[in-house]
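Colleague: The structure that follows is given in the form of structure tokens.
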């Protein structure tokens with residue numbers, strides 16, 4: 001990364017730098033699942049071994065995810081300052097250190113500090129840096145590259161659940177954390193490959209409109225003039241390194257609504273679907289089979305969406321609109337379904353649509369805002385998602401407690417998923 005400048009970002013497939021960035025993003029996604037879901041699988045044994053309560057251990061996982069959102073706006077700054085490859089290496093070390101050091105903790109407070117400060121920060125920064133690196137390298141095949149990179153999540157869900165269980169049965173929870181930490185060190189290797197590969201850099205001088213320059217007038221006070229100059233420099237620094245100008249961009253807020261609502265609906269489905277299926281009369285085994293098959297559909301959606309849009313079969317705008325409608329209807333219907341195959345179909349459509357939308361929202365962000373503002377857009381949107389989850393993540397559960405049924409809760413989730421249709425149409429109209 002250091003000192004390497006490319007005069008052109010155009011290319012049919014991103015070249016070697018692009019696919020190295022895809023590898024780094026894929027590896028980061030895989031290791032993130034190992035860190036977060038591995039902790040989730042160890043919840044019962046950690047509760048016993050650390051003599052803690054279940055909600056405290058579960059809260060650690062939530063705090064880790066929340067921290068990743070709060071630090072995300074700094075991703076663009078550190079990437080430009082140190083280079084994407086070095087940042088990915090450092091984040092890999094931090095994630096690995098969190099798991100390895102976690103094997104030596106004696107109480108839940110120590111575990112919370114390690115996972116929140118190390119793993120949470122590393123996940124938030126590396127997510128923005130890796131996504132921006134892929135978007136920077138690819139033009140024609142960006143949807144395909146992004147979809148391939150995001151399959152790391154799906155592979156992680158398939159691989160780490162049984163792997164962590166085997167580790168627990170064989171080595172205990174401390175040995176499991178050591179092994180997960182060792183596996184996570186693969187992120188360091190992928191970052192090192194980025195360092196060794198010439199990566200394109202961007203000139204961000206015209207990426208956004210900065211605040212007006214402070215004019216120096218004939219002031220009677222030299223101190224006032226100096227203070228004014230420092231304030232102007234500070235404002236320029238903040239706007240340049242944190243893309244604060246995005247917050248004044250109407251198009252940014254439209255794509256942020258699309259992304260935030262889609263992610264919120266998906267995460268609420270992940271949290272409440274199994275309980276909702278059981279309340280509809282399905283067994284735990286049947287609910288598990290719904291999730292497994294739907295997970296495969298999610299993987300297929302991530303791979304197929306790139307082939308659909310990059311090959312010109314369907315535009316990104318049309319594909320996103322179709323998937324928003326399809327998933328919204330499935331959310332609304334799922335609480336009313338009591339037969340096996342209709343419920344299976346609903347789960348498959350929801351996660352297939354999420355696989356498509358998780359990739360295509362990034363494509364829309366790049367189309368609407370441009371490649372120069374990707375890091376800032378990804379960072380600020382991640383922060384908004386975390387704030388939304390903190391503020392409203394409890395709402396479906398509260399609705400269930402008040403009504404005694406998941407019908408109203410999933411009507412709420414389906415309605416949230418339908419909201420992005422409005423900003424999508426507004427963006428499409430403005431693009432013409």
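For all residues, glycine too, the Cβ spot is worked out from N, Cα and C.
Please treat TrEMBL annotations as automatic predictions, because they have not gone through curation.
Look at TrEMBL and you will find 1-432 tagged as domain 'Major facilitator superfamily (MFS) profile'. Annotation source TrEMBL lists transmembrane segment at 56-78, 85-105, 111-130, 151-168, 252-275, 281-301, 313-333, 369-394, 406-427.
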Colleague: At least three Cβ pairs under 8 Å linking the transmembrane segment (369-394) and the transmembrane segment (111-130), pairs spaced 6 or more in sequence?
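Modeller: They do touch: at least three Cβ pairs between the two stretches lie under 8 Å.
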Colleague: Who are the chain neighbours of the transmembrane segment (252-275) in space, where the CB to CB distance is under 8 Å and they lie at least 6 residues beyond its ends?
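Modeller: Residues 246, 284, 287-288, 290-291, 320, 324, 327, 331, 334, 347, 350, 354, 357-358, 361, 364-365, 368-369, 373, 377, 380-381, 384-385, 388-389, 392-393, 396-397, 400, 406, 409-410, 413-414, 416-417, 419-420, 423-424, 426-427 contact the transmembrane segment (252-275) from elsewhere in the chain.
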Colleague: Which stretch from 56-78, 111-130, 151-168, 313-333, 406-427 shares the most C-beta pairs under 8 Å with the transmembrane segment (281-301)?
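Modeller: Comparing 56-78, 111-130, 151-168, 313-333, 406-427: 151-168 has the most Cβ pairs near the transmembrane segment (281-301).
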Colleague: Could you please provide the mean pLDDT value for the domain 'Major facilitator superfamily (MFS) profile' (1-432)?
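Modeller: Mean pLDDT across the domain 'Major facilitator superfamily (MFS) profile' (1-432) comes out at 83.
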